[in-house]
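Below is one structure; the comments refer to it alone.
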Amino acid sequence: MIGILDYGVGNLKAFANVLKDLNFRNQIVKTEQELKSCTKIIMPGVGSFDSVMDKLSESGIRDVLSDLVMSKKIPVLGVCVGMQILASSSEEGTKSGLGWIQGKVKKFNFDQSNSLLTVPQIGWNEVTSIRDNKLLLNLEKNPRFYFLHSYYMECEEDNDVIAFADYGGNFTCAVNRDNIFGTQFHPEKSHHNGVALLRNFASL
């Protein structure tokens, strides 16, 4: 069972619909008991870093989530701000992140040479894979995904980065450490490439 984590933020039904079309059992989960029945977890996230961390803490499931991911090694996929909270901290706020992947979330800060670029980045962008990874199997070369964000993760360990995109310079847009995965882009909004990526995650 794939659990789509409902902690008050994120586009939950879009993930559920894609997974249903792919014939993967899934449910939107809110409670500890529901979460414990999951074999994989998707963490959507929309909003600010601090508000998402607050929502996760207020939900009462943070400790169980950490146990499932860090001790029982259940695969987890963080999306957009759901990926950012995998990091240790963010320039956007003062809260600590989950710290499952060491790094800091930074804001796009363009000089005059990139003055035509807007923040947030909204729309489609090519993604370049750095290394072979189960999450990115069978995607077309330089696939395009949908982005909507002002911040990006800067990892301390290069090996945690599996893909980057270019927006005024290269930035990390997908990460993986052991059973922990993250995408800055929105696979649930990215048509066939997003469907392929979610199929890969669901098949782990």
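Every residue, even glycine, has its Cβ placed from backbone N, Cα and C.
If you check Swiss-Prot, you get these features:
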ACT_SITE  C80  active site, nucleophile
ACT_SITE  H186  active site
ACT_SITE  E188  active site
DOMAIN    1-204  domain 'Glutamine amidotransferase type-1'
Cα of H186 (active site) to Cα of the residue listed as 'active site, nucleophile', in Å and rounded, measures 7
Rounding to whole Å, the Cα atoms of E188 (active site) and C80 (active site, nucleophile) are apart by 11
Row H186 (active site), column other C-beta within 10 angstroms, all chains, value 20
Quick note, C80 (active site, nucleophile): same-chain residues at least 6 apart with CB under 8 Å of its CB -> G10, P44, G45, V46, L148, H149, T183, Q184, F185, H186
The correct three-state DSSP answer for H186 (active site) is strand
E188 (active site) has its Cβ surrounded, within 10 angstroms, by a count of other Cβ atoms equal to 26
